[in-house]
Each structure stands twice: as structure tokens, then as C-alpha cells.
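Peer 1: Quick paste of what Swiss-Prot says about this protein:
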- Asn90: N-linked glycosylation site (CARBOHYD)
- Asn101: N-linked glycosylation site (CARBOHYD)
- 102-126: repeat 'LRR 2' (REPEAT)
- 176-199: repeat 'LRR 5' (REPEAT)
- Asn246: N-linked glycosylation site (CARBOHYD)
- Asn295: N-linked glycosylation site (CARBOHYD)
- 320-343: repeat 'LRR 11' (REPEAT)
- Asn322: N-linked glycosylation site (CARBOHYD)
- Asn349: N-linked glycosylation site (CARBOHYD)
- Asn373: N-linked glycosylation site (CARBOHYD)
- Asn435: N-linked glycosylation site (CARBOHYD)
- Asn470: N-linked glycosylation site (CARBOHYD)
- 471-495: repeat 'LRR 17' (REPEAT)
- Asn483: N-linked glycosylation site (CARBOHYD)
- Asn503: N-linked glycosylation site (CARBOHYD)
- Asn599: N-linked glycosylation site (CARBOHYD)
- 675-1025: topological domain 'Cytoplasmic' (TOPO_DOM)
- Ser686: phosphoserine (MOD_RES)
- Thr688: phosphothreonine (MOD_RES)
- Ser689: phosphoserine (MOD_RES)
- Thr705: phosphothreonine (MOD_RES)
- Leu714, Gly715, Ser716, Gly717, Ser718, Phe719, Gly720, Ser721, Val722, Lys736: ATP binding site (BINDING)
Amino acid sequence: MISLPLLLFVLLFSALLLCPSSSDDDGDAAGDELALLSFKSSLLYQGGQSLASWNTSGHGQHCTWVGVVCGRRRRRHPHRVVKLLLRSSNLSGIISPSLGNLSFLRELDLGDNYLSGEIPPELSRLSRLQLLELSDNSIQGSIPAAIGACTKLTSLDLSHNQLRGMIPREIGASLKHLSNLYLYKNGLSGEIPSALGNLTSLQEFDLSFNRLSGAIPSSLGQLSSLLTMNLGQNNLSGMIPNSIWNLSSLRAFSVRENKLGGMIPTNAFKTLHLLEVIDMGTNRFHGKIPASVANASHLTVIQIYGNLFSGIITSGFGRLRNLTELYLWRNLFQTREQDDWGFISDLTNCSKLQTLNLGENNLGGVLPNSFSNLSTSLSFLALELNKITGSIPKDIGNLIGLQHLYLCNNNFRGSLPSSLGRLKNLGILLAYENNLSGSIPLAIGNLTELNILLLGTNKFSGWIPYTLSNLTNLLSLGLSTNNLSGPIPSELFNIQTLSIMINVSKNNLEGSIPQEIGHLKNLVEFHAESNRLSGKIPNTLGDCQLLRYLYLQNNLLSGSIPSALGQLKGLETLDLSSNNLSGQIPTSLADITMLHSLNLSFNSFVGEVPTIGAFAAASGISIQGNAKLCGGIPDLHLPRCCPLLENRKHFPVLPISVSLAAALAILSSLYLLITWHKRTKKGAPSRTSMKGHPLVSYSQLVKATDGFAPTNLLGSGSFGSVYKGKLNIQDHVAVKVLKLENPKALKSFTAECEALRNMRHRNLVKIVTICSSIDNRGNDFKAIVYDFMPNGSLEDWIHPETNDQADQRHLNLHRRVTILLDVACALDYLHRHGPEPVVHCDIKSSNVLLDSDMVAHVGDFGLARILVDGTSLIQQSTSSMGFIGTIGYAAPEYGVGLIASTHGDIYSYGILVLEIVTGKRPTDSTFRPDLGLRQYVELGLHGRVTDVVDTKLILDSENWLNSTNNSPCRRITECIVWLLRLGLSCSQELPSSRTPTGDIIDELNAIKQNLSGLFPVCEGGSLEF
């Protein structure tokens, strides 16, 4: 027998042989720590505080770092990293190959960051990896085939990146345990590998929003555990394989927006008992919907719109008691006989139905009364673009849950049912282009949630009902092309929300345009053409500061064009033709830079036609039928304007000369008397100067600017003109002279003085002095004198007017980031660190000025607001100045009248960031109507980023590409992507979601640090701007 001591010795020795030494484990753990630190060093931006804890070292200290999870202490390898979870940590840079050394890693989640570069093939060494989550980044390149080596993967999410190339077949051949595969929103191409049919454990499968082509492999029918399959938004063709219809476990199936065709098999839904959602929209399917659809009793959403389905709509839908949404629009369904509408009676059994879209088919005949018996949960009912006749069911008001009702483009006749007034939740009512008649029911005024009401192109008669003034949420009103008469109700213009459109054109309306129209400060379109309107064009139209389209032609309007229309800086189209207007064309119209279509023809205008602005190109204006006009550009072929006394030989010269001399003498005496009276009344110039800014006299400014000579004019706006001048021998200054004839200019002057009274910051334009006096004609005179900025505005550098300027003015990426940092520091001071919080309200490239050292200074505080507790406006003198900011830069909440806040400045700053990176103005003429600068950049980030970046910055990167080392090029590209994402983050629609100034400064400093050394000092020691 073996003695007990000997037995214990053998057991202890065996244990020592089997267990690794602690020093070995410590060495492996140290390797994990090094791999993590290498990953951190590869990042351009480390997420602010996200990786702040990653700076301690020692035995197992890395296990305490944020996002790092190590094995349990009781296990054999307690300090080995098993999870790295850094989702939504604001990380930017590349994924370091060193992560492939974390050999015990089971979960890697880097989703929702700003990572770029390619997926390192070294990740294939992670043999224990079960979850790989890299979604919502900017990762490029292809999916490495080596990923197939991670054979224990159960979830692979690479969605929402910029991946290209084909899907590796190795995913299907090797990853047998995969249950979730998400590759959507990339740029993947080629065919779907048939090997993916081997993933028999797959439950979630999403390849949508790619460029995949070819047929759907029949092998996908082998995915017996599949719950969700999404192949939508690709270029797939052919038919849906029959094997797919046998996936009895399937709960959601989408192939929308492809090029698929063929018919749905008769027994397609026979085994799909668990199917809840099917989306086959926008393809080329044809034939009938099989009655077997009733077998899929769990169906809640059916989307088969945008195909070529035809015949009678099956009654099988009515047996789907869980159905909530049914989209059949844009097909070839028809109702030849009244019985063909029987499916509506069947659908009354679907008590959960919320959406029914039958628009754009060949449905005809009269609507059955059973429509009024559909579910009261129905919120969306669309019947537009069919051939439906007869009356609208009188009890349609029973559908009390309706929020959207589309009846337009049919042949409905009769009157609008008064029961519509019971639809208290209705937000959109479209009934235009029918044959409806009678009066518009007063009950429409009960629809207080209504946003859009379009009843145009019918046969309505009578007056516009005054009850429309109850629609306090209305955004758009269309009543055109009817037989309406009477005046336009003034109450209509008390609906402050009306902003998209008012169209009352082509009726028989009479009377004048109410002065109250000026209340609609956010209105974009006003159509009142082809009526019998008379009287003058109201001056108050100038208060509609967002107006872009104004149509008043073919009326009986008289008087002159109010100069206040020149305040509509966003106006694009103005048509006043065929009226009885007279007088001179106001020069203020020439100041509307956006105006590209101006029709003043067939009126009685006289005098000289301007030659600048909208009048500088004959293609955009029409003035025929005005016999007494003269001047203008040569292309208009108008007679030359004659001097007043050119034909003096026809008049008795001596009597007129004596009379004129006497009159001038009298006027001169009166003028001197009035001037003396004003001076004695007002005394010396006002001493209400800003604290610390002594006043300067009018005569000093006249001398400083050479009498405000045109050669010293730097620019002009609606509130004032800016001149270059010298107050003493050495100091150049910029003198802003207020146009006090504009009533808002004085408010601008007051706002600017109040905002900058106690402000001191290196990135704010400094006020040298002010002038509040009278000029040499005895009129009030106000001016603000600033430090002169010799390098002009940022706008001049980003958008040079000539090629010569473009060659001379080039800002490289480092300089652009520095300027953005300067502006961010200015905003941070205004919002958080000044004597009192100030909102600038007009951040844009033309208000960012550059000094001789290219340091940026924020200027023009004419719209600024001072806040109490950061939110409440106390600068009431500017509250009546109308729309806040500049179109394109102004925050969306300002468009609906919300109060100014620091969030609005952040939005404008975000747009400025996008402008400075793309070189595009926010209102660039190349943008489609539905595409703004934000959407333009978002498309670029989901495609080729270089397509949206300023070409000059691309050239900077290409200079590095020509070198032997392309690492700087990659760093530049990553910083550009980072900047674009920052701009999008700052300009989010929800104000509270926008990035605060402190975080902006942190990110810009990090970007600037990563760019350091890439843009060296040029010869002579001057920076390459």
C-alpha cells in the first residue's frame, strides 16, 4: 500500500503540473492590458471621459477600466478580458488589430461610435468570440473572409457602415451557431451566397439597404429557425423561391423595393401561421392575392403596394382579426360592380384596423355605406387617385379615430358631409380635384386638430366659412379653383400656425387683402391670383418674413407696390401682373437676392427700372404692358430715361428760373430754421453710450470714411451699411451706419449695444466706440465702430466670388478647424461665461470675421437676445423683429415661433460646420427642394464621403496620397468624417439633443491635435491658410 504522505505528495505534484503558474497568467493578463492600450492609442478621439480610467497599470488593474469585463476570480484565468463593451462612447479612429490578441474575448461591442478604417482581419484570431457588434460607425472596405474563423459567433452586427464588396461565403460555411446576422445599410454588392442557407440556427437575418443583385437563393428556405428575414431595398430580381413560403417559423418577411416579380402561389400562406408582417411593396409582382392569406391568422401588417396586382380585392383580408395595417395602394385592383366592394364589409370584422390605403388603383363606382362601419380605431384612410363616384358616405363621421382622410383625385359629387365635424382627431383632409359642390360646411371649424385642409378644384360656392379661424393648428389651406365668393375673412390670418401655404386663387373673391396677413410671419406661399380683389397691396405683407412665393396676378389691385416687400429676403417668386398697379417700381425689390421670377407686366408702372439684383437678368423678369417704364438693362429694350429738363426749350425759361430761385431761397431758410431748432432741442450728441465705450461724433466718422465714400463700402444689409475708415493715423476701423428708415434698424442697434455692453472675449468682434447723433441734414444718425478685420468674413473664404479670389483664398483643414474652434469658444463664452447669458441668433459664415492673424471673431449682434436663467427673453425691444436668424441657418423651432435659446445658436453652428467642410451654402441652388445641407451630408456619410466634401480639402488629401505614406491621408479623412458627424449632432431637430458648447470644444481640440503636423509652415514662415 502507498502510504498517506506519499499519496498526498503525488496529488499535489499532479495539481502543480496541471495548473499554470500565476506568473504565466499574469503575463497573459499583461498582454491583454497592452492590447487595450494599443487600441486606445489608435483612436483619434477617446470619447472624452469614456476611456479616462484607462491610465492605471498593475496586477489586474485593467479589469477595472470602463467597458472592460474580465473573467470571474474563481476561474483559472481571472484577469483575462472576456468582454469589451464600449457602445455609444464617442470613439473615433480605427479598430486596432491589437484587439485580435484578446484571446479570451467573448463579446466585442463598439457599436454607435465614429470608427472608420477597415475591419482588421486579426479579429479572426478571437476563437472564443460569440458577439461582434460594430454597427453604426463609418467602417469601410470589405467584410474579411477570415471572419469565418470565429466559429463560435452567435451574433454578427456590421450594419449601418460603409462596407463594400460581396458577402463572404465563409459566413455561411463556418458560422454554424450564428443566430443573428445584421448587414443592413451598407454598400454590399453581388449575389446573396447560397451558403447562408447552412445557418440553420439563424433567427434574425437582415441584408436590407444594400446593392445586392441576382435571385434570392432557394437555399434560404432551409433556415428552419428563422423569425425575421429582411432583403428590402436592394436590386434583387426573379421570383420568391417556393421554399421561402415553407418557413413556418417566419414572423416578419420583407423584400420591398427590389425588382422581384411573378405571382404569389395559391397556397403561399398555407403554412405561415406565425407570420405577423409581410412587406412586398414596390416590386413587379402581378396576379391576384390568394385567398390563402386568411391562413396567416397572426398577420398584423400587409404591405403589397407599388406592384401590378389586379382583379377584385380578396375577402380573405376580413378574416385576419389581428390586422392593423393594410397597404394596397398603387396597384391595378378594380371594382367593376357594386358587389366588388364586398371586401369592405369583410374588413368591418377587423376591429384593430388602423390603416387602410387603397389609393392609386382602378376602383370605381359608389362607396358602400359599410365604410362608415369600419373600426373606430382606423386612423388612416386613403382612397385618392381612383375613379370613385357618388357621394361621400354621410356617416363617415362615425370613424372617430381618423387622423388622415385622403379622398382627392376622384369623381365624388354632392356636398361635404357635416358629420365630418365629428372627426375631432383629424389632422389631414384632402378632397381636392373632385366634383364636390355646395357650401363648405361650418362644421369644418370643429376640426381643431387639423393641420392640412385641401379642397381645391371642386365646385364649392358661397363664402369662405368664418369658422375656419377655429383651426388653430392649421399649417396649409387650399381652396383654389372653386366658385367661392365674398371677401377673404380677416380672421383667417389670426391662425398663427399657417406656414406652408394659403391658396384661395381662381375663385370669385372680392374686397381687399386684409392687413392682418402680416400676422403670418412664417407663411411660405400665398396664392390669391385670378379673383376680383381690389384695393392696395397691404404694407404688412413685408412682415411675412419667410414668404417665398407671392401670387396676386389677375386681380383689380391698385396703388403702388409697397416698399416693405423688399423686406422679404427669402422671396423667390413675385407675380403682380394684370392688375391696376401704378407708381414707380420700388428699388427695395432689387435687394431681394433670392428673387428669380418677377412678373410686373400689364400694369401702369412709370419711371426707371432698376438694374441690379433681380433686375440684372432679363430672363427672370417680365414688365411688358407698362408703357411708361424706362431704363433698365439693355436686354429689356426700354427707352432711355430722359432728364427732367431735357426739353426746356419748349418752356418759358426766365419765369421758371425766377420762381425756382425764390422757392429755393424759402426752402433754404426753412431748412436752416428747422436744423437750428433740432440742435437746440437735442443739444449735443446723446451721451447714452455703452459702458466703457466713449462716443464719437458724426463729423469724425465723416472724416474717417472720406464722407462715407463708395470706395470704402465693405458691405450693405437691411439694417445698415459698413464702411472702412481711419479714426486716427494708424487704426483702421469698420463703421456700421444704421439705416434708420428701416424701423427694425434701431432695434438692431439697441440689441447689439445691449448684448456687447460688458462682453470681453478674444473671439468676439470688439466695439471701439459708437455714435448717436444727427447728420448734416438734421436727421438722426447712429453708428457702431468696430475693430477692422482685414481678412474679411469666413463667407469670403469659403465662397469666393471670382476664380482669382479662389486661388488666393484657400483654407486647409487645420485652419478650418481652428476657425470653428474660435467660434465655439465665442459661443461658449456668450452662453455660459459672460456677465449674462446671450443668444446670438444669427450665427453664419458672413458673421464670422477674420483678423490679420486669421483668428475668428463673431460679429453682428443685431438680433441678439439676453436671457434670464438661460431661457426667458428679456430683450423685449427685439421681440418684434420677426423671424429669428437667416434662412438655412435658423433652427427649425424658430420657424414655428418658439423663443430664442442657446440651442438655436448650436443648430446654426452645426450648419456652419457642415458648410465649412462641404463648401456648400445651406441654401445651395444645386439642392433639390426636399434636400437640405443636413440631408446632403447624411447621404454622403452613407455613401462616398468624398462626394460631399469641399474639393479643396480633397486636393489636400490627394497631396498625401501621392506620397509614400498614406497614413496622413487616412487621418485627414477620419477628421473630416468626425467634423461632419459633429455638424449633424449640433444641428439635430430636437433642441435638447444638440451637442453643448463644452463638448464641441473638447471634440474640436481632439481633431486639431490629430491634424497637428500635417499642415506645415510654408516658406517665409507664414501659415498656409
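Just so it is clear, glycine is given a Cβ too, placed from its N, Cα and C backbone atoms.
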Peer 1: Take the repeat 'LRR 11' (320-343) and find every residue of the same chain, 6 or more past its ends, with a Cβ under 8 Å from one of its Cβ atoms.
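Peer 2: That would be 276, 281, 293-294, 296-314, 349-368, 370, 382.
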Peer 1: Measuring Cα to Cα, how far is Asn503 (N-linked glycosylation site) from Asn483 (N-linked glycosylation site) in Å?
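Peer 2: For Asn503 (N-linked glycosylation site) versus Asn483 (N-linked glycosylation site), the Cα atoms are 14 Å apart.
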Peer 1: Using a 10 angstroms cut-off on Cβ to Cβ distances, just flag whichever of Leu714, Val722 is the loneliest among these binding-site residues.
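Peer 2: Ranked by other Cβ atoms within 10 Å, the binding-site residues Leu714, Val722 bottom out at Leu714.
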Peer 1: Could you tell me the C-alpha distance between Asn483 (N-linked glycosylation site) and Gly720 (ATP binding site) in angstrom, no decimals?
Peer 2: 47
Peer 1: Non-local Cβ contacts of Asn373 (N-linked glycosylation site) (under 8 Å, 6 or more apart, same chain)?
Peer 2: Ser345, Thr348, Asn398
Peer 1: Measuring CA to CA, name the entry from the recorded positions Asn101, Asn470, Thr705 that ends up nearest Ser716 (ATP binding site).
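Peer 2: If we rank Asn101, Asn470, Thr705 by Cα distance to Ser716 (ATP binding site), first place goes to Thr705.
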Peer 1: When the repeat 'LRR 2' (102-126) is classified with DSSP, how many of its residues are helical, how many are strand and how many are coil?
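Peer 2: Across the repeat 'LRR 2' (102-126), the residues distribute as 5 helix, 7 strand, 13 coil.
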Peer 1: Averaged across the repeat 'LRR 17' (471-495), what pLDDT does the model get? Just tell me the whole number, please.
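Peer 2: Taking every residue in the repeat 'LRR 17' (471-495) and averaging pLDDT yields 95.
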Peer 1: Which of Asn599, Ser716 has the fewest nearby Cβ atoms, counting only those within 10 Å, among these recorded positions?
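Peer 2: Counting other Cβ atoms within 10 Å of each of the recorded positions Asn599, Ser716, the minimum falls on Ser716.
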Peer 1: What is the Cβ neighbour count of Asn483 (N-linked glycosylation site) at a 10 Å cut-off, with all protein chains included?
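Peer 2: Summing over all protein chains shown, Asn483 (N-linked glycosylation site) has 13 other Cβ atoms within 10 Å.
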Peer 1: Per 10 Å Cβ neighbour count, which of the glycosylation sites Asn101, Asn246 ranks highest?
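Peer 2: Ranked by Cβ atoms within 10 Å, first place goes to Asn101.
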Peer 1: Counting by DSSP, what is the helix, strand and coil composition of the repeat 'LRR 5' (176-199)?
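Peer 2: With helix first, then strand, then coil, the repeat 'LRR 5' (176-199) has 5 helix, 7 strand, 12 coil.
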Peer 1: Among the binding-site residues listed here (Leu714, Gly720, Val722), which has the Cα closest to the Cα of Asn349 (N-linked glycosylation site)?
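Peer 2: Ranked by Cα distance from Asn349 (N-linked glycosylation site), first place goes to Gly720.
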Peer 1: Across all the protein chains here, work out how many other Cβ atoms are within 10 Å of the Cβ of Thr705 (phosphothreonine).
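Peer 2: Total other Cβ atoms inside 10 Å, all chains included: 22.
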Peer 1: If you draw a 10 Å sphere on the Cβ of Asn322 (N-linked glycosylation site), how many other Cβ atoms land inside?
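Peer 2: A 10 Å sphere around the Cβ of Asn322 (N-linked glycosylation site) contains 15 other Cβ atoms.
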